[in-house]
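The next block holds one structure in the form of structure tokens; read it before the comments.
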């Protein structure tokens, strides 16, 4: 079998740090080859070497058997290597076509021939089953569509080998299905794909072979048909991993959170939470399942005081929280693991230690007579960093310098440590690897077992079903159904999330 | 190379580059740079008189620099230091001429009045920013003009004691001292430098050590996270503008109670507030950095007065200052060079 790409014994160092240590990856023509590893294992470094952004210290790269020297991304492009970035590189105010041709414009007499370009874009998109509207503006289309534009960009430039960097991280379950279909079509059309991911399910579903790297070292390449998720996970993490989160049955007590007829508008003034009712009891985890954009973010922001609600009632332990400031709400016993850890969860330019007292800095012993007591602050930080296994060179390092997983562990440590009656976790495992996800789920269940209420919002159905004791489905700003995770299926949830009512969805599962 | 070292080296390189380019400009325009710099050095350090003048010039620069830097640390760009400086000056002089009090009360009262005036002048843009998200740059620029013309009007019509000047402040409100003046053979040095140094310490302590400073810096870095943490973002925005204005007001008091002892109708902006922006930028918005940057600017400004003796126009120093500011502003060029340099060392 012919290899289209061979990366042999690649070694890449940054100062004293070895990011890639003797890694070999061989991509066959027409295969989907997964590159699996934890956050920080060196996947992106390896791909950046292939894409010409980094120069390896050792090793050889061959394209179709010929040794090549890829000193910059343009050479990678010429060799037919295209990258679909995790964070899209698109100009919001340009149309789909304008974005695709950017840098490779078809011109006639100094003017861009948009008609011709649109036709070419349409041809490519039809050939590969990538339905897009060439004239739509990027800012008007969904994230899934934007990703298709990224893929089209590489195809337009004649890519034969496509690298997908964590492509499903930002997609809804439906969009993920479509993406997988697209990848299969691409293979049929003779392309080869490297898929960077840490989601085992996707690898099992779509990949032919899988190369695993751990802490910068190549662990090996396996045929996906001969392996299973458990084996892949232990190869990646280096130990056995629990998938089904172990938990005892819930023992719910009194209502902790009771929300009635909550109405919230988004920043544009559109009503996105429209008369929402929900209660969460002590000793249970309630999961909110829903497709992104059905009011989840605004709902959480409203009950945590980050956004003003229009009307309704939010009772915590019988006390009305509606209209209170975020400080008052925090003090009345709500912990909040925010959806966007960079935007809300951390002051990235503060040392990680100082981030550990973000809501308690003004209280004793951290502050006395208006003066901060850094000794106490850093003592607290050290305790939490140890207890929650936050990997950082020291507590004085800026939060910015930590990896996503460790930032998230720090936030969770801080929130859990305040021992809130209600812990709200919005997308707590987004973008994290198996090991970190396992850790976070255990912590959430631990809170529940300590008799606290937990409200979990996630777009990952697996997570919702695994962790929750009850599942509330949100659709267009209302809770449309509350189901028992033991008695539901992904399919039923998917239909409920898409707006079918309970009865139809229930019938759907029986067919 | 550590980040801290790069942060310290960047402004130093900017100064060196500014001087090199200034030298080139002098050569191109036919002046003798060596003579010019000797004259500049003589003009700044030649004898105790010049040193006294430098200290006097540095004082308002420190305070104006602190004003800009403080707001900047909370994420606000206070271009209105000039206006806050002018109203502070007038308020200090007004207290100085109006009241008859013992010095121990009179002087602090005059400084306090300047602080309040500057603080109030900055409160307006702070409030508009916090309540209506009006950009502080636009409001503070307008407030500068309002300050200039209002103060000129008051000096001209209400406090005019002839030749468009107010009366001299009473001795009890003055920062001048005969002893200091005699010691520096008659320079206009005054005790204000002590106040400026205390203010440096206050800014450092307030931002780095207090609970309030933790909030202010958090708002400066990330308003969303500050809101999440339960901080009142709007209150902190207003507060930071007011504190910034207080520093600017005290800078005005330095001129009113120290350098001049009166207020005159101003033909245009004094430039102290705008130099404060350059000082803050060069000083990296830290208290200690502002102190050294103000010192450099004071030396250049006073030294420049002697440059015409070497046949070099003193405006060349303004060009050098402009070049330094330019190099600091484009500091990423210097950073890249420094980082390249340190990479090669590793290899």
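Yeah, the Cβs are placed from backbone N, Cα and C, and that goes for glycine too.
Residues of the same chain lying 6 or more positions beyond the ends of the transmembrane segment (B:12-34) and with a Cβ under 8 Å from any Cβ of it are 282, 296, 310-312, 316, 319-321, 323-324, 326-328, 331, 334, 338. The annotation transmembrane segment is assigned in TrEMBL to B:12-34 (among others).
Annotation comment: TrEMBL describes B:54-72 (among others) as transmembrane segment.
If you look up TrEMBL, you'll see B:79-97 (among others) marked as transmembrane segment. The list of residues near the transmembrane segment (B:79-97) in space but at least 6 beyond its ends in sequence, with Cβ under 8 angstroms from a Cβ of it, reads 60, 64, 67-68, 106, 109-111, 113-122, 125, 136-137, 139-141, 143-148, 150-151, 154-155, 159, 166-170, 173-174, 244-245, 248-253, 255-257, 261-263, 266, 269-274, 276-277.
The transmembrane segment annotation in TrEMBL covers B:103-124 (among others).
Residues 71, 76-80, 82-84, 86-87, 89-90, 121-122, 124-126, 128-129, 164-166, 241, 263-266, 268-269, 273 of the same chain sit 6 or more residues outside the transmembrane segment (B:136-155) yet have a Cβ under 8 Å from a Cβ within it. Here TrEMBL flags B:136-155 (among others) as transmembrane segment.
Distant neighbours of the transmembrane segment (B:189-207): 52-53, 55-56, 58-60, 62-63, 66, 69-70, 73, 111, 174-177, 180-181, 213, 216-217, 243, 247, 250, 253-254, 257-259, 286-288, 290-291, 294; these residues of the same chain sit at least 6 beyond its ends, with a Cβ under 8 Å from one of its Cβ atoms. According to TrEMBL, the transmembrane segment annotation covers B:189-207 (among others).
The transmembrane segment annotation in TrEMBL covers B:237-254 (among others).
Only residues 6 or more beyond the boundaries of the transmembrane segment (B:260-282), in the same chain, are considered here, and those with a CB under 8 A from a CB of the stretch are 11, 14-15, 60-69, 72, 79-86, 89-90, 93, 96-97, 144, 148, 151-152, 155-156, 159, 163-169, 174, 176, 248, 251, 289-290, 293-294, 296-297, 321, 324-325, 328-329. For B:260-282 (among others), the entry in TrEMBL reads transmembrane segment.
Feature annotation from TrEMBL assigns transmembrane segment to B:289-310 (among others).
Annotation comment: TrEMBL describes B:316-338 (among others) as transmembrane segment.
Long-range contacts of the transmembrane segment (B:237-254) within its own chain (CB-CB distance under 8 A, at least 6 residues past either end) are made by residues 59-60, 63-64, 66-68, 70-71, 73-74, 76, 78, 80-81, 84-92, 110-111, 113-123, 125-127, 129-130, 136, 175, 190, 192, 195-196, 199, 203, 206, 212, 216, 219-220, 272-273, 276. Same-chain residues lying 6+ beyond the ends of the transmembrane segment (B:54-72) with a Cβ under 8 Å from its Cβ atoms: 44-45, 78, 81, 84-85, 118, 136, 187-190, 192-193, 195-197, 199-200, 203, 207, 220, 240-241, 243-248, 250-252, 254-255, 258-259, 272-273, 275-277, 279-280, 283, 285-287, 289-291, 293-295, 297-299, 301-303. Counting only same-chain residues 6+ beyond the ends of the transmembrane segment (B:316-338), those with a CB under 8 A from a CB of the stretch are 1, 6, 9-11, 13-15, 17-19, 21-22, 25-26, 31, 36, 40, 278, 281-282, 297, 300-301, 303-304, 307.
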